[in-house]
């Protein structure tokens, strides 16, 4: 039932009065708040419009509480602006689940099967698949490549994963530092470390400093290593006995016994006078032995490995003490300590010996000229889960060859294949030099050739020793064959070229000298400079054939000029062909008059109609310019050569 207008008006007045009375008695009126009532109707349309205007004014003066609350939250917690150039944080180990974990295990299987090429290739391919590898998977491949000294493959894979957007973690950086230090590039390693400190969103770990300091000491950068030790203290890292062990060994290597003792006192002071790790005692003993303080050295020995010692002796700590005894006339004591280490060795719970232990004992036996014992202890490595590596084989071969036992050294070399160990460049150089010492020139050359056949890269000094030895015994043909083999594999210097030229000239083989120069002139990477030219001319002048070098060089210059002319002609022909093909597709009026169009009118007629032709040509040119501008081409300018009249494609 609809309400009549008078009744509705009266009802509205009573409701409004009731609301005002209720607010007056129960809710004190404040200026900052108001209550809005929704009425069912208004007396007049004007009253309803006035109410709407009041609401709008109040909303402009006092916005809703929800809006105020939202603005306050935005002011208190503004959204951070993400920098697209900021380095990415590495992934957490929790991402190694599901398909990515299966991929990780599959690549680990390839690594265990020693198929590193397939593991690296599989890692690369999976980057662009729907199962992207984690940085932990990449680190496993990088670590395996580092163990096998595949430095170039390691650096290429590292560069690839960085460009692919996989953020490296601290282990990745440590592997890169170790790689450059193993390659004898400490300056490059320090540059990467500075870049890591400045840009990486990570902090260096104690392992980072161990790797860097040990590598710098091994590369004769003791001062830089000392600076990094001080930097550790600045960054709040605790004093590390392993770091001090590396620094003390560097001081001993430099015959600085006082420096080693001073570092020991510094470490003891930083640790509150109580040492638990005995890794520094071997270097301390060497320092005392160096100062002829045998009593103090043996006191350190008792403190480290005595019956009442509380030191924690790892295999590295034992090896350091063992080496100090072997090199300072205490070999009998070293043997007793070695027997004790063997008894304590109980892998995986207790690792008292490692590969370095057997290398130290091998050197100790050789120093005592007990070569059979040295070979015997070397062959027992595998019994204690310490299979020998290439470095261990090289060490024993070197020791045997230095003592004139080449046959025994070759026998040890023959065992490498059975142990699954691959010889490196140093292995073959040792055997080559040992063969030269006993005038086995052919055998030494065979070792060099075998090294090249296996894909190894000897340096220029080794090559020079080889050819020099061959020439001295009159084997010029063999020397020349090795020159032909290595000239493209080695970056030879002027002295290497001069040596071969002189050798051939002294044997009257000037034709071969000219052939050799012919090959050098064809190779753009070889700089046949004026000094070499004069040297070759002096050798040819002995037989009055210096003019042949001049003719040869002129002929080579003529051939090079002809080759360049042919290349330019071929390029020009290609351009003309391209232009003809384009002209057949695009209307010729876009390019103006074609080159093959000639004027056939007589000269007199041309003279009479010259003004009108010039005007038409001008108008036509303006038309062509406008059309070319619309289509997107530029009209070629007038020029003499056809190449300059080519249209410029936008």
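Here the Cβ of each residue, glycine as well, is placed from N, Cα and C on the backbone.
Automatic prediction, not curation, is the source of TrEMBL annotations.
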Practice item. For the region 'Disordered' entry in TrEMBL, name the matching range from 28-58, 59-89. Key: 59-89
**Study point:** Selection from 205-239, 240-270, 389-423, 424-458, 459-489, the stretch that has most Cβ pairs under 8 A to the repeat 'PPR' (314-348)
**Key:** 240-270
Point to revise | Surrounding residues of the repeat 'PPR' (389-423) on its own chain - C-beta under 8 Å, 6+ positions past either end | key: 355, 358-359, 362-363, 366, 369, 371, 374-375, 378, 381-382, 430-431, 433-435, 437-438, 454
Check your understanding: Per DSSP, what is the residue count of the repeat 'PPR' (354-388) in each of helix, strand and coil?
Key -> 26 helix, 0 strand, 9 coil
